[in-house]
Amino acid sequence: MTEGVGLKGRQVVVATGNAGKVREIEQALAGLDWRLTGLGSVTLPEETGATYEENAALKACAAAVACGLPALADDSGLEVEALDGQPGVYSARFGNRPNDRERNLYLLEKLRGETNRRAKFVSVVILAYPDGHLETYRGEMTGQLLEGPRGENGFGYDPLFVPDGETRSLAEMTVEEKRAISHRGRALAALQAAHKDGLPPRQVSVID
């Protein structure tokens, strides 16, 4: 695959089973004319990494190798100041709670009586190629945590999080409004910018 040609019109696998993430990624990267497809029968490895980068790479590389196609994966998390950065990479399984609602309630209980509600969302997006090359993009969004959920849109901790400069929670915003300011939206915007003129240069030469 030569630089300058890029992935226009090519199939790219989205390595996630989260339908909410798939919708965000499809809309955010619409300008690249990529043909985004799901995982099909591919099973992703467990997220055993200690960082967002490690977890995203695990998923993207597994999908790229299994499908023989470029694959895109995201790992993200909520980092709460009063909890020393928890839940972080464990956001999707915080407190071993089974679903978003239970995890939100668990977080609110952990913060009961806490005046410091500062937090940030972090997202790392990795595009992996079958030859092992990786591209990494990172985005962050800072804000405050509410004392109770608000809104019906979004997923995860969206009902509890009000971004800086906003009065609404992420769950009270449309997908488009959220994408324009979100951590994942910022990481995907960086990816789109890097690919707008074709494949970005590889920092390490690949020897055939």
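Each Cβ is built from the backbone N, Cα and C atoms, and glycine gets one as well.
Look at Swiss-Prot and you will find Asp75 tagged as active site, proton acceptor. Counting only same-chain residues six or more apart in sequence, the Cβ atoms lying under 8 angstroms from the Cβ of Asp75 (active site, proton acceptor) belong to Glu47, Gly49, Tyr52, Glu53, Asn55, Ala56, Lys59, Val89, Ser123, Val124.
Annotation comment: Swiss-Prot describes Thr16, Gly17, Asn18, Ala19, Gly20, Lys21, Ser76, Phe155, Gly156, Tyr157, Asp158, Lys178, His183, Arg184 as substrate binding site, evidence class sequence analysis. Annotation for Ser76 (substrate binding site): same-chain Cβ neighbours under 8 Å, separated by at least 6 residues, are Tyr52, Ser91, Phe121, Val122, Ser123, Val124, His183, Arg184. In the three-state DSSP classification, Ser76 (substrate binding site) falls within a strand.
Sequence annotations record features per position, and here Swiss-Prot assigns Mg(2+) binding site to Glu46, Asp75.
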- Note on the structure: Its Cβ having more other Cβ atoms within 10 Å than any other among the binding-site residues Glu46, Asp158, the winner is Asp158
- Task: Would you mind reading off the Cα separation of Thr16 (substrate binding site) from Glu46 (Mg(2+) binding site), to the nearest angstrom?
- Result: 12
- Tell me whether Asn18 (substrate binding site) sits in a helix, a strand or coil according to DSSP. coil
